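Some features that Swiss-Prot has for this protein:
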TOPO_DOM  1-43  topological domain 'Cytoplasmic'
TRANSMEM  44-61  transmembrane segment
TOPO_DOM  62-69  topological domain 'Extracellular'
CARBOHYD  66  N-linked glycosylation site
TRANSMEM  70-90  transmembrane segment
TOPO_DOM  91-99  topological domain 'Cytoplasmic'
TRANSMEM  100-120  transmembrane segment
TOPO_DOM  121-125  topological domain 'Extracellular'
TRANSMEM  126-146  transmembrane segment
TOPO_DOM  147-169  topological domain 'Cytoplasmic'
TRANSMEM  170-190  transmembrane segment
TOPO_DOM  191-201  topological domain 'Extracellular'
TRANSMEM  202-222  transmembrane segment
TOPO_DOM  223-280  topological domain 'Cytoplasmic'
TRANSMEM  281-301  transmembrane segment
TOPO_DOM  302-334  topological domain 'Extracellular'
TRANSMEM  335-355  transmembrane segment
TOPO_DOM  356-367  topological domain 'Cytoplasmic'
TRANSMEM  368-388  transmembrane segment
TOPO_DOM  389-594  topological domain 'Extracellular'
REGION    389-594  region 'Extracellular domain (ECD)'
CARBOHYD  481  N-linked glycosylation site
CARBOHYD  513  N-linked glycosylation site
CARBOHYD  532  N-linked glycosylation site
TRANSMEM  595-615  transmembrane segment
TOPO_DOM  616-626  topological domain 'Cytoplasmic'
TRANSMEM  627-647  transmembrane segment
TOPO_DOM  648-657  topological domain 'Extracellular'
TRANSMEM  658-678  transmembrane segment
TOPO_DOM  679-719  topological domain 'Cytoplasmic'
COMPBIAS  695-708  compositional bias 'Basic and acidic residues'
């Protein structure tokens, strides 16, 4: 009686849902508007936070590029492992609606914790790291947990006779994802770089706005609560699949010697599970085997937000007319291009290839997508080869780098013991030709450097440390009767935001305070040298210099992306003479050269990712599609694990690493093509013709019970 009552209640709720209002006189239920807005805000929240994450690790937490890349991909991988947990909770316990709400709350808490961790005044660096990691963990649980629920929940809102509307809904849903991605990757880098807070880039705001968007997403979703169809949990098919496989393995292990041999190892589950379920799992396993090479594609694809962003920081970002793009904004190209490429491929390229009588099967498209992604990394390699020409690499063990500034009134000669580093005389106030390598006998070495000037030799005892860069300043004594050696440690690592570095040498007899933009530095009198300051790229025509008695206005000109400048300030009558020298070359490779690699990678994504999902769904029974979705998400997760391992373990130059990934993907695409050649397409819908459902839950009819196998399924061509 109780069960009958429950059924009546469920039926009543269902009828009520059926009568829910439609959107603007269409067959679309009003409820999907809340779901689409929720998805837009959630994707804005996720991609906005992720866009600035690598630079946050490097500039705020002060991690090196390899650790930053590793943690970035560890987080990305975790975001694709947690959907399994979300699907399990939704299907077995809470249902999709409650799962989305509860995990969205976890998501919001993660964003808030992450934003608080980006406030400099909250604790020390250990607290910032702890809050950041806790926040990212909660975000990964939230975004991954709701990932398998939201789209499926949206599909549940449609009646069975509104198939076209449901299909169009998924297109709208996908558009909302890309719209959120594009806008967030434009806006959050602006919040990071153009808004200053706590004396630097405003990461707290860049993370806080995505947090606010996630709060809006949650509020919008809850607001539509009374309009949704809410299906109760039906049990997780992935759990049943795992139990069936586990039973087959254990039963085979226990009884293989006692019982007759069976045609397939899964047939050992027949004692407990239906023939139909076993047959469906066999079909799924055939597809999952093809998934084995796929993580390598995602290993390349997900480096847009890590290695490619770091490459962009070392490039010229000026498009002219005052339009300067930020390195973390380049990721928006992927979302923009995919919106352009999908119709181009569907309505242009694929039909044209068909006219050439070339049959593009899904597996051929996926293999082609892999090759395109490999070409993207070949393009990235070519760009990197030119980019590194503007970079001064830190010296290896038992080596230092040194450059010399001759601030004397005539030529000088510098001699290092046993090393002919500077063979030619150095002219006064001449710009150094660059850093020279100085071999050392150990981790550090005291060297007697001989400086020759006007026929006199002066000996300087200087200590050099391995892996460090130095500037040796040679200037006259206060009485101008000799030479003084001043060895200064140099900062040679380029800014990860593309900013310029500048320092000042004061040859004036008075102390000087210099203001460049919002930065102020002090240079002591008589050849004092200021600290390095970082300033945004731009024209600085009115820098202010204040001495003990006067105030001067100097023209520093353009301080370009990634350059290191040394400016010598000298007294010249009633003015200050300015000599600007470029210690490290500006970023002269334009960021536009990254566009080809984004084009190749996005084209590869269209052919690989979209086609891969289409292929997977076409080759599995309806009841097993969630299992394949879980398997697909796992390939993304393992792809990020590959990058994590390479970033932390390989220790190779960046262009070599790019080339390695390209070569690995080419090799994997060949393996995948061979596997695809031997794969035979089947029609899962034919299962309904081979099986007759009865009260037992899918037993095969007796005439086919013994001989049914995948061989009975209708086949199509290979590859």
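The backbone N, Cα and C atoms fix where each Cβ goes, glycine too.
Counting only same-chain residues 6+ beyond the ends of the topological domain 'Cytoplasmic' (356-367), those with a CB under 8 A from a CB of the stretch are 290, 350, 607-608, 611-612, 614-615, 618, 669, 672-673, 676, 679, 681, 717, 719. Recorded stretches compared: 44-61, 368-388, 627-647; the one with the most Cβ pairs under 8 Å to the transmembrane segment (70-90) is 627-647. Cα of residue 532 (N-linked glycosylation site) to Cα of residue 513 (N-linked glycosylation site): a span of 13 Å.
Annotation for residue 513 (N-linked glycosylation site): same-chain Cβ neighbours under 8 Å, separated by at least 6 residues, are 520, 521, 522, 523, 545, 546. Residues within less than 8 Å, Cβ to Cβ, of residue 66 (N-linked glycosylation site) and separated from it by at least 6 positions along the same chain comprise 647, 648, 651. In this chain, the transmembrane segment (335-355) lies in contact with the transmembrane segment (595-615); the count of Cβ pairs under 8 Å, excluding pairs fewer than 6 apart in sequence, is at least 3.
Long-range contacts of the topological domain 'Cytoplasmic' (616-626) within the same chain, counting only residues at least 6 positions beyond its ends with a Cβ under 8 Å from a Cβ of the stretch, are 87, 91, 148, 236-238, 241, 280-281, 283-284, 286-287, 362, 632, 681-682, 684, 687. Contacts between the transmembrane segment (202-222) and the transmembrane segment (658-678): absent, as fewer than 3 C-beta pairs lie under 8 angstroms at sequence separation of six or more. Taking all protein chains in view, 15 other C-beta atoms sit within 10 angstroms of the C-beta of residue 532 (N-linked glycosylation site). The transmembrane segment (126-146) and the transmembrane segment (170-190) are not in contact, since fewer than 3 Cβ pairs between them lie under 8 Å (pairs 6 or more apart in sequence). Beyond the ends of the topological domain 'Cytoplasmic' (147-169), by six or more residues, the same chain brings 18, 26-29, 31-32, 35-36, 38-39, 42, 79, 82-83, 86-87, 90, 96-97, 99-100, 228-229, 231, 626, 629-630, 633 to within a C-beta distance below 8 angstroms of the stretch. Of the Cβ pairs linking the transmembrane segment (368-388) with the transmembrane segment (170-190) and spaced 6 or more residues apart, fewer than 3 are under 8 Å, so the two regions do not touch. DSSP assigns residue 532 (N-linked glycosylation site) to coil in the three-state reduction, placing it in neither a helix nor a strand. Long-range contacts of the topological domain 'Extracellular' (121-125) within the same chain: residues 61-62, 131, 198, each at least 6 residues beyond the stretch ends and with a Cβ under 8 Å from a Cβ of the stretch. Outside the topological domain 'Extracellular' (62-69), and at least 6 residues removed from its termini, the chain residues within Cβ reach (under 8 Å) are 54, 125, 306-307, 310, 643-644, 647-648, 651. Taken residue by residue with DSSP, residue 513 (N-linked glycosylation site) is part of a strand.
Listed as Cβ neighbours of the topological domain 'Extracellular' (302-334) (distance under 8 Å, sequence separation of 6 or more from its ends, same chain) are residues 47, 50-55, 58, 65, 68-69, 72-73, 76, 181-182, 185-186, 188-190, 192-193, 380, 383-384, 387, 390-391, 494-498, 537, 560-562, 586-595, 597-598, 601-602, 605, 636, 639-640, 643, 647, 654, 657-658, 661.
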